[in-house]
């Protein structure tokens with residue numbers, strides 16, 4: 001992270017900071033006509049309280065998801081274990097962004113001697129954010145593969161996706177993503193790191209898209225074939241497709257919330273001096289808000305799509321001071 005910071009500017013990741021602050025370091029250069037000093041080149045300011053508030057909301061929501069999956073044995077299935085991994089990643093991304101707001105505020109208000117320590121703390125947070133981003137993508141891909149197996153390898157599914165194997169997969173995901181996140185921050189001065197991250201993002205999306213095209217095309221054929229059979233197969237197939245649709249919604253929200261940020265990185269690499277690119281990059285803080293909103297929206301999707309999860313949420317909430325409210329609602 002750069003040692004010079006623009007007041008009030010919130011950033012994420014070491015090289016993301018460089019891309020944002022780069023807008024100001026070259027502010028004296030003519031980047032285009034018709035742009036005033038207070039115009040599109042100024043970073044959109046978002047109050048630090050907004051980041052902290054979103055971080056707290058995400059923390060509470062995703063902890064609720066993790067506790068619910070751990071508490072309810074009916075949710076001890078590969079898909080929900082991968083959802084739990086995704087919830088951890090979402091929580092870390094959002095909480096780290098909120099924490100980095102505090103760190104940057106301290107960095108702007110402390111003396112030079114204390115800044116080096118604050119920068120080191122900020123780099124650690126950046127590593128957590130980067131690792132969590134990669135873990136989010138890998139968890140989504142794992143859920144996609146799991147749904148693929150449930151639909152096309154239903155008879156062998158329980159032999160393929162054992163609890164032990166799922167645990168190994170999740171452990172490997174976090175180990176690889178943690179190492180990659182640390183390396184990305186260490187070598188963040190190189191543009192190749194940004195290109196690598198962009199490539200990973202679009203490669204994973206392409207893999208998930210290819211799985212889904214095949215999944216939904218073949219699933220339609222399977223549904224037609226089993227339509228003449230007794231209802232159990234149809235019910236099971238319908239449940240599997242519901243899980244696939246849930247993941248489709250999760251991926252859609254992920255793309256919508258993260259795409260502006262990755263477009264920001266692409267513009268930083270390809271056209272850092274173009275007036276239109278600079279104008280887009282000046283809204284960097286808004287893209288961070290979208291990323292944090294993704295971490296808040298995901299638990300709502302889980303709850304809306306899973307009756308079992310909603311039931312467990314209610315049981316957990318009723319164990320605490322809201323128990324009286326839950327008892328009242330259950331009577332009506």
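Using N, Cα and C of the backbone, Cβ positions are placed for all residues, glycine too.
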Membrane side check (same topological domain name in Swiss-Prot): residue 149 and residue 278? no
Which stretch does Swiss-Prot mark as transmembrane segment, out of 281-304, 305-328? 281-304
Feature transmembrane segment in Swiss-Prot, mapped to one of the ranges 19-39, 166-186: 166-186
From 17, 108, the annotation N-linked glycosylation site in Swiss-Prot is attached to 17
Per Swiss-Prot, which of 226-248, 249-271 is transmembrane segment? 249-271
Using the alpha carbons only, what distance in Å do you get between residue 126 (Ca(2+) binding site) and residue 279 (disulfide bond) once rounded? 25
Taking all residues of the topological domain 'Cytoplasmic' (146-165) together, what is their mean pLDDT? 85
Within the same chain, where does the transmembrane segment (44-69) have neighbours whose Cβ lies under 8 angstroms from its own Cβ atoms, ignoring anything closer than 6 residues to its ends? I mean 6 or more beyond. 8-10, 75-76, 80-81, 83-84, 87-88, 90-91, 94-95, 97-102, 105, 282-286, 288-289, 292-293, 295-296, 298-300, 302, 309, 312-313, 316
If you tally other C-beta atoms within 10 angstroms for each of the disulfide-bonded residues 271, 277, the top scorer is 277
Pairs of Cβ atoms less than 8 Å apart decide it: which stretch in 82-106, 124-145, 192-215, 249-271 has the most with the transmembrane segment (166-186)? 124-145
